[in-house]
Amino acid sequence: MIDYESATSFLDEWGTFQQQVFFLLCLSVVPNGLAGFAIVFVGDTPAHRCLIPAHINLTAAWRNSSIPLEEDGSSGTMVPSQCFRYKIDELLRFSERESCLDGWEYDRSVYTATITTEFDLVCENSWKNPLTSSVYFCGILVASFLSGQISDRYGRKIVLFVTLAVHSLFIFLQVFANSWAVFCALHFVVGMGQISNYVSAFVLGTELLGPRARTIFSTIGVNLFFDVGYMLLPLCAYLLRDWRKLLLCLSLPGFLCLPFWWFIPESPRWLVSQGRVKEAEAIVRDIAKRNKIHPPAVIFHSSEKEPPKERKKRLNIFPAVLLTIAYFVLSLNTANLYGDVYFNCFLSALVELPAYILSWVLFRWCSSRLSVSSSLIACGVLLLFVQLIPANLVLLAITLEMMGKFAVSTAYAFVYAYTAELYPTVLRNTAIGACSTASRIGSIIAPYFIYLRRYWTSLPYILMGSLTAVTGLLSLLLPESFGRPLPDTMAQMQHFPG
């Protein structure tokens with residue numbers, strides 16, 4: 001088989017071509033960061049109460065008295081009910097309650113409109129709100145199964161740009177959704193495009209770049225540019241305030257990335273694996289030309305030009321990635337924190353910047369097993385401490401939650417590279433794919449962890465903290481990969497307890 005690294009060793013490690021591809025592929029990830037957590041604002045639930053129709057002849061005092069008081073589970077104080085009112089025809093007796101037969105009136109000070117206010121996803125329909133996020137993550141789950149196989153068959157480049165176009169187009173179509181069901185159907189496809197173009201950009205950059213640039217691209221590059229998009233999200237939401245206008249804005253960056261097609265080539269490594277050596281040679285020669293290098297007369301020798309061999313049957317691996325629950329719960333929970341929702345979301349994105357840098361430092365110079373374990377245990381302990389903070393020390397509670405987000409983001413960025421180092425070449429793609437699939441199951445569950453706060457505010461933190469800390473302890477059973485060569489065969493693979 002062709003040794004691609006040796007055959008293309010004459011190319012610069014960081015020439016003009018590599019610099020261009022590095023930044024264009026990283027820029028293609030920015031739309032993912034922008035749209036990845038848009039549901040925080042698009043689906044947020046503002047303060048609301050039952051609507052008293054204008055034609056009901058009541059004074060302002062009687063209108064205020066028409067809403068019964070209920071105990072708030074988080075503060076213990078009595079607050080106006082959000083889902084019930086006193087029966088209008090028996091208002092003077094204040095006897096029986098009825099549901100909001102005439103709809104709801106919403107606080108418009110934070111949002112002009114969200115899907116919650118437009119489709120009334122409150123009270124008896126409040127279960128639809130977390131389901132909206134779960135439908136999105138179900139799309140990501142399905143695409144995790146399919147996109148890798150399609151990319152292996154048809155190429156990385158075409159999958160990247162087709163799914164980038166699909167992602168942007170369906171975000172745009174959501175602007176015209178006239179019901180919650182239509183919005184969810186479109187949201188499912190948005191999730192499919194979100195993961196597919198992200199993974200395709202990741203794989204294409206890994207295969208086009210040399211070893212040193214590849215390491216920076218896969219650990220810091222794509223993650224930092226994703227986070228740039230994530231930090232721009234609350235700014236766009238703050239300026240627009242309406243969910244349709246916000247989605248229209250979020251659809252535009254993806255369309256602006258489509259012209260990158262003419263500047264990013266197909267992966268020569270993938271073309272060689274498919275037996276399309278002449279096409280691969282043409283691309284490599286073009287890379288050499290851009291870097292002002294004279295390539296050898298023959299890049300891939302004729303003796304090496306053999307059709308791709310049939311792949312070995314791969315084993316099924318189902319690693320449980322519980323850290324994903326903590327990561328997505330902490331990311332989606334910013335709307336429920338004390339203070340300004342826009343600033344909290346920005347702060348949640350900001351803490352990921354040093355986390356990604358730390359993950360790269362740990363990956364280069366520290367024990368892989370201890371890095372993952374310590375990050376997860378730290379996150380779990382911090383989240384368990386959050387629910388012990390008195391209600392009046394909200395800033396301390398937010399600080400602990402952001403520290404937990406920092407710790408879990410470090411582990412989240414680290415775990416895929418760690419998985420790639422643990423498994424041999426014949427299993428590596430399957431292992432990473434299974435890891436991604438398991439993590440999507442965690443992200444589907446995550447919105448319902450937030451929903452549990454309706455019954456007890458501390459319950460999500462107790463569950464997240466416990467699961468994350470236990471996962472950190474269990475990760476100590478994994479083999480050590482730091483300083484070891486990548487295994488190529490099952491015989492070279494380290495022993496896994498159990």
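A Cβ is built for glycine as well, from the same backbone N, Cα and C atoms used for every other residue.
Whatever TrEMBL says is automated annotation, not expert-curated.
Features of the protein shown, as given by TrEMBL:
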DOMAIN    21-483  domain 'Major facilitator superfamily (MFS) profile'
TRANSMEM  21-43  transmembrane segment
TRANSMEM  158-174  transmembrane segment
TRANSMEM  216-240  transmembrane segment
TRANSMEM  246-264  transmembrane segment
TRANSMEM  315-335  transmembrane segment
TRANSMEM  341-363  transmembrane segment
TRANSMEM  375-400  transmembrane segment
TRANSMEM  406-424  transmembrane segment
TRANSMEM  431-452  transmembrane segment
TRANSMEM  458-478  transmembrane segment
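In summary, the transmembrane segment (246-264) lies against the transmembrane segment (216-240): three or more C-beta pairs, each 6 or more positions apart in sequence, are under 8 Å. Taking residue pairs at least 6 apart in sequence, the transmembrane segment (375-400) and the transmembrane segment (21-43) share fewer than three C-beta contacts under 8 angstroms. Most Cβ pairs under 8 A with the transmembrane segment (341-363) among the ranges 158-174, 216-240, 375-400, 458-478 are made by 216-240. It is 375-400 that, among the stretches 158-174, 216-240, 375-400, forms the most Cβ pairs under 8 Å with the transmembrane segment (458-478). Confidence in the domain 'Major facilitator superfamily (MFS) profile' (21-483), given as mean pLDDT, stands at 82.
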